[in-house]
Structure formats: structure tokens, C-alpha cells
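Trainee: I'd like to ask you about the structure that follows.
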Amino acid sequence: MTADVVVRGGTVVEAGWSGPADVVISDGRVTALAAPGTAPAADTVIDATGRLVMPGGVDPHCHVGFTSGEFTSLDDYRQCTTAAVFGGTTTIVDFAIPRPGENPADVAYAQRAKATQGLCDSALHACVVEWDDTVPDQLAALVNDGISTVKMFTTYRGETMADEDTVLRTMTELARLGGMVVIHCEADHIVGDAQRRCAATDHIGAANMAATRPDLAETASVAEILAIAEAVDAPVYFVHQSTAEAVELVAAARRRGVRAYSETVAHHLVLDDSAYNGAHPERYVCCPPLRSSTQVKALGRHLFTGEVTTIGSDHCCYDTAQKESRATDVRAMPNGLPGVETRLPVIFSEYVVGQGLPATRFVELTSTNPARTNGLYPRKGTLLPGADADIAIWNPTTEWQITSTDLHMATDYTPYEGMQITGRPETVLVRGRAVVDNNTLQDPTPQGRHLKAGPVV
Ligand code: URP
Ligand code: ZN
Ligand code: ZN
Ligand code: ZN
């Protein structure tokens, strides 16, 4: 029997193990992991000698064409997934965030329809801002349609912030349905107070971003939301946790049986608040803000210990002009950093190469666990037989420098400009097709599908 594709001679890296194996692919799926040299003949043979063969990355936190306030981020599904694939990511999880007056299900279904423009597959988080009698039916329909995770916010008052009662009811209902709340935690009253103090002394520009959203705002909100989850026995996933204390609160809750999970994002693991002292502080404005270098080190240590569950990008593709247009007042700025393409190389270089994080743990944090927490495992996040043949073939030793002009995101800057990187995904397969080969776009055909989530964790 002939296979469609065999990836031969590489070291397969899975979440729990790694070793030499040939990956056999037919009809877009992995059909076997064969001992080296024992794979059947194939129409296409990809030589992976000296390379790491990993399941494609799953980015659990990626905003595509995201409108917040007066700003819309600049990419669409084709652009975002092109950048994703170049960076070794083969599944993105986007958000459908309602604007005032819109209902969660309508917004989610409209966003879901865009998935076919993608070069790779995608899934979606819905979002609930306000509880009303229609929400339970909307949640039931969404979960039935494979949209099982719902983003909520404890900040951005007057826009997407939900009150505690709405969080509690949404959590309770989703737990009953087999879904899960994914939540952005910053206590808005503490943020509001910090912003008022900064504004009173005319320190409210981008350079002051860190002071406007203190670490304590995150800690306080995480504690409150954990209490709600524990009270109603619901699972909860904390997005973009930026402090070690916040991660430790979640880990402690997990130890007493709460189904609570921590997501960190690449920029909080690599960049620190000294970026706000530089020439373009507005380019680093995100919520939560970049933290102190001490905090970054402490947060990074939790990658090694199992306390962090996933690493996302929190990709938001604003450009410099958008960022600069409101840089004198962070309260009016577009928040978020472009990062879907750089998430994996930056973490691989800084943590696997630089600090000895096992490559197996890298895969677990950036692919397998995000697939699990989004109900996509074992179709995504693994190369075990039966999985989609989404594969990133990495050269672990190649050295390169990040510069925005070489990237594919629909913006004019990267927060990692000039960073020296070791390791890069060279060839990336989406369901068995080489979309990127030798760092070149090989197959620009949109083939994205919206993925229906199964039960989450
Ligand atoms: O600054 C951020 N994170 N912007 C994107 C929206 C969000 O809160 O995730
Ligand atoms: Zn958020
Ligand atoms: Zn600037
Ligand atoms: Zn986000």
C-alpha cells in the first residue's frame, strides 16, 4: 500500500515523549508512526533528517479582524492564518466579541463563516457580556454547534465587562452543557483608580501603561473568579495571565480540586515593561500590560513546573499608525500586540534553546494542551494515528533575526524587532499538504475549516 506522504528521518516530538520515527500520512491524516526506515512507499517523501517533527501549533488566543472601541485590527482569516502557518501554527482559536446591542450567538455564527478563508483550520470562543433570559438558549445552541468556550471580561467597563452575577450564571450554565468560561481578569475598579491617579498627574500616555494596570488588579480578579468557579463547581480557563501570583492562585485552586487552567502569552514571557521607556511605547500597549523583568522571570519559571497550562499569542494586528493615534491616553488606545507568527519561534528560542525547557513540554504548552482545553484533541495537538496531519518540521539550530518586513502579519511592526532567534519551522503541513516549504509559501489555497469543539478538558 502506498501512502500519500511520508515525513522521513526526523525526530518526532509529542507532549510526553520524543524519538526517531517516520510519519505516514494518507487522506490528510496521520495513519502511522513507523520505526525509521519502515514506512511504506509514498507519492511524496519529505526528508526531515536533523529536524524536529512536531504537531502544528494550536494558538488558543488569537483575535482576527477584531473591533474594539473605534479600532479594528487589520487582518482577515487569510492573512492571519498565512502568518500563523509561517510561524508553525496550524490551528487558531479566534473570538467572536459582541458590540453593544449584539447577541453572542449571531456574532459567533457570523465569525464562524469566515473560517473557510483560512489556510488552516480554526475554532472560536463566543463571548457573553450581559446575562438575560435568552442567554441559556444561545449557549445551548452554541455548544451544540461546537462553540463550547465563552470569553468573559472583568474589565473594559461599558464595553465588554461582565458583572459577577453574569459570570456566575454563564459559568454554571456552560458547566452543565460541557463548555467552559475563558476569562480576562483585571479588577476594573483597581484599574480605574490607577488610571485616574495617572491622569491627575498627566501620566496617562503609553509610556505609563504599566502603572495604569497594576499587578494587583489581576491578582484580585483571579481570586474572585476562582471563588465563583469553586462555588458552582465549574471549569474555568484564565487567559493571558501575566503574573506569577495569578498563576500560583490558579495552581493552588487546582490542587484543591477546582478545574482551573492558566494561559500565558508569548509577550508576557519574553518582554518586560522597559519597553515602555523606549522610542515607541505605544507599540507595546496591551492588557494586562508588560510586567517587570522580575515578574517575567518568575512567570517563566512556571512553564517548567506544570503550573502553566498553555501559551497563546493574544494576537491583535494593529499597526503603528493606529497605536500612535491615541498614544497620549492609554484609555483610548487599541490594546494588543501582533504575535501569531512569532509565538512559537520566540518561545522555542528563549525557553527551549535558551533555558532548557524540554521540547516535549514546548509541544504540550503550545499545541497539545491548547487542543485539549478547546475540545480539539486528539484531532489536533498530536501526531498519533488518526490525528489531522498538521505538522511543523523545525530546524532546531538555524539562527535568524526577527524583522517585521520578513513577517506576514498585516501590520508594519513586531514587538520582537531585531531579536536573535535559534530554531525555526521550515516546512509546515496542513492536513498533509505542504503549505509552507523551506520558508516559502507553497500552497496559498484557502482550505480552512471551522472546527467543532468536543467536550473541553
Ligand atoms: O490587550 C489585549 N489583550 N487586547 C486584546 C483583547 C483582550 O483583552 O484579549
Ligand atoms: Zn483579554
Ligand atoms: Zn511611536
Ligand atoms: Zn485577547
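Just so it is clear, glycine is given a Cβ too, placed from its N, Cα and C backbone atoms.
These numbers come from a predicted model, not from an experiment.
Pulled the feature table from TrEMBL, pasting it below:
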type    : residues : note
DOMAIN  : 52-435   : domain 'Amidohydrolase-related'
MOD_RES : LYS151   : N6-carboxylysine
REGION  : 438-457  : region 'Disordered'
Trainee: Please indicate, using numbers and ranges, the residues of the same chain that are 6 or more beyond the region 'Disordered' (438-457) and have a C-beta under 8 Å from a C-beta there.
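Mentor: Sequence-distant neighbours of the region 'Disordered' (438-457): 77-78, 81-82, 86, 91, 112, 115-124, 145-149, 178-180, 235, 259, 261, 372-376, 379-380, 424, 426-427, 430-431.
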Trainee: I'd like the number of other C-beta atoms within 10 A of the C-beta of the residue listed as 'N6-carboxylysine', please.
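Mentor: A count of 23.
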Trainee: On the 0 to 100 pLDDT scale, where does the domain 'Amidohydrolase-related' (52-435) sit on average?
Mentor: 98
Trainee: Going by DSSP, how much of the region 'Disordered' (438-457) is helix, how much is strand and how much is coil, in residues?
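Mentor: So the region 'Disordered' (438-457) is made up of 0 helix, 3 strand, 17 coil.
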